[in-house]
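Please read the structure below before turning to the comments.
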Amino acid sequence: MSGEKQAEESIVVSGEDEVAGRKVEDSAAEEDIDGNGGNGFSMKSFLWHGGSAWDAWFSCASNQVAQVLLTLPYSFSQLGMLSGILLQIFYGLMGSWTAYLISVLYVEYRARMEKQEAKSFKNHVIQWFEVLDGLLGPYWKAAGLAFNCTFLLFGSVIQLIACASNIYYINDRLDKRTWTYIFGACCATTVFIPSFHNYRIWSFLGLGMTTYTAWYLTIASFLHGQAEGVTHSGPTKLVLYFTGATNILYTFGGHAVTVEIMHAMWKPRKFKSIYLMATLYVFTLTLPSASAVYWAFGDQLLNHSNAFSLLPKTRFRDTAVILMLIHQFITFGFACTPLYFVWEKAIGMHHTKSLCLRALVRLPVVVPIWFLAIIFPFFGPINSAVGALLVTFTVYIIPALAHMLTYRTASARRNAAEKPPFFIPSWAGVYVINAFIVVWVLVLGFGFGGWASMTNFIRQIDTFGLFAKCYQCKPPPAPIAAGAHHRR
């Protein structure tokens with residue numbers, strides 16, 4: 001690693017933007033050398049220390065396709081087949097663009113900080129709200145912190161709800177609320193994972209698990225064939241259409257942790273196209289599985305937000321359930337780790353080197369997540385509500401606006417650490433795309449999507465109530481009559 005760094009430093013680079021960008025890469029590489037303690041190979045480093053472009057790709061792809069694999073067929077039943085496919089592609093590409101914007105702003109922020117203040121981030125994890133603060137000021141910091149933390153909080157809640165929903169299809173002797181208690185305790189162990197730098201083996205395994213599950217859903221649906229009397233009537237209601245659309249918006253809005261993943265890389269500038277590459281792979285999982293399950297079961301999915309509930313119990317389904325449970329533990333860690341960082345910084349413990357002490361101070365973060373998962377156990381509808389109210393701003397509107405404002409002056413554009421991508425030759429083109437995203441997501445995602453998602457969410461509360469003991473469970477068998485009991 002040190003030899004690679006020396007080779008990079010020997011290259012004469014012209015232009016302030018390239019020098020600043022190279023400083024970002026070199027300082028990140030130095031941090032990794034310090035953390036690994038040399039060039040010697042060890043199994044611990046191989047499994048535990050991940051900062052390559054491949055590590056970032058696995059992290060992005062693994063984090064993007066968690067429990068949404070199981071709710072996308074439900075969204076297809078609300079949208080119809082054609083809209084479901086087209087919106088996946090559209091929001092996937094839009095999400096890749098805003099992830100690119102976030103990566104550009106991270107490089108810009110870090111280059112400016114290291115150039116102006118000679119600031120070292122050796123023991124400090126840069127987060128999205130700090131990027132906004134450094135580039136645009138305290139009001140943007142407050143907005144980024146509020147939206148990002150709330151989204152990640154509910155993202156963690158969704159993983160707990162999904163754990164309880166999935167395990168119920170293997171063991172229904174316990175209700176879903178009890179399973180939520182159990183998995184809340186299990187997921188609390190993520191406090192021992194220091195940062196995204198240490199998710200190497202977990203990201204690799206997590207993507208393998210979702211790949212198995214996606215192809216299980218696809219193959220099992222085709223082998224099952226179409227259910228008797230199946231109908232495909234979607235879309236039938238505007239409220240259902242926009243609810244399904246915002247669930248897909250949520251699916252491809254998993255880059256609330258982009259900055260933390262970039263910071264864990266040895267060369268953060270390489271992140272620019274990684275999210276797009278991850279999204280293209282995710283398409284190979286989400287499009288076939290959602291289409292196949294919807295083809296097989298049609299409108300039945302409107303009352304079954306978890307695709308596992310309609311497939312017959314087999315050892316292959318049980319395997320998929322178990323793998324998804326493990327993956328949801330990993331995704332819980334992905335969503336919660338930035339919250340751990342924020343909490344550590346708030347109480348002045350972020351630079352503590354003791355792993356056990358950091359784990360201890362992180363535990364209070366898990367408690368409200370646990371509590372909210374018990375209050376709102378609505379697997380499926382909660383995804384759409386979070387997508388409409390939080391993802392719209394966190395990963396679409398705020399990054400697009402922040403990019404436009406950061407480079408609003410000619411001098412900022414001239415000295416930018418990253419120029420527009422090769423396929424957009426001018427800054428005007430970048431501004432047009434960003435403005436389109438802001439208007440589209442604000443009107444259709446937040447406006448119509450928020451109305452539809454909250455209408456559906458409130459309907460779930462009215463039907464099942466808060467603290468529902470077993471959301472969408474089969475009703476218990478009728479009790480045996482007293483007279484029949486005496487005759488036995």
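First residue shown is number 1, and so on along the chain.
Each Cβ is built from the backbone N, Cα and C atoms, and glycine gets one as well.
Swiss-Prot annotations:
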TOPO_DOM  1-64  topological domain 'Cytoplasmic'
REGION    1-36  region 'Disordered'
TRANSMEM  65-82  transmembrane segment
TRANSMEM  85-105  transmembrane segment
TOPO_DOM  106-141  topological domain 'Cytoplasmic'
TRANSMEM  142-162  transmembrane segment
TOPO_DOM  163-178  topological domain 'Extracellular'
TRANSMEM  179-199  transmembrane segment
TRANSMEM  203-223  transmembrane segment
TOPO_DOM  224-238  topological domain 'Extracellular'
TRANSMEM  239-259  transmembrane segment
TOPO_DOM  260-273  topological domain 'Cytoplasmic'
TRANSMEM  274-294  transmembrane segment
TOPO_DOM  295-320  topological domain 'Extracellular'
CARBOHYD  Asn303  N-linked glycosylation site
TRANSMEM  321-341  transmembrane segment
TOPO_DOM  342-362  topological domain 'Cytoplasmic'
TRANSMEM  363-383  transmembrane segment
TRANSMEM  385-405  transmembrane segment
TOPO_DOM  406-427  topological domain 'Cytoplasmic'
TRANSMEM  428-448  transmembrane segment
TOPO_DOM  449-488  topological domain 'Extracellular'
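The stretch from 239-259, 321-341, 428-448 that makes the most Cβ contacts under 8 Å with the transmembrane segment (179-199) is 321-341. Broken down with DSSP, the topological domain 'Extracellular' (295-320) shows 19 helix, 0 strand, 7 coil. Mean pLDDT of the predicted structure over the topological domain 'Cytoplasmic' (106-141): 85. Using DSSP to sort the residues of the topological domain 'Extracellular' (224-238) gives these counts of helix, strand and coil: 2 helix, 0 strand, 13 coil. Taking every listed stretch (85-105, 274-294, 428-448) in turn, the largest tally of C-beta pairs under 8 A with the transmembrane segment (239-259) is reached by 85-105. Two recorded stretches are said to be in contact when at least 3 C-beta pairs lie under 8 angstroms, sequence spacing 6 or more; the transmembrane segment (428-448) and the transmembrane segment (85-105) meet this definition. Between the transmembrane segment (203-223) and the transmembrane segment (142-162), the number of CB pairs under 8 angstroms, six or more residues apart, is fewer than three, so the stretches are not in contact. Packing against the transmembrane segment (274-294) from elsewhere in the chain are residues 53, 56-57, 60-61, 64-65, 68-69, 72-73, 75-77, 81, 84-85, 88-89, 92-93, 95-96, 99-100, 103, 210-211, 213-215, 217-219, 221-222, 232, 251-252, 255, 258, 301, 307, 310-311: each is 6 or more residues past its ends and has a CB under 8 Å from a CB in it.
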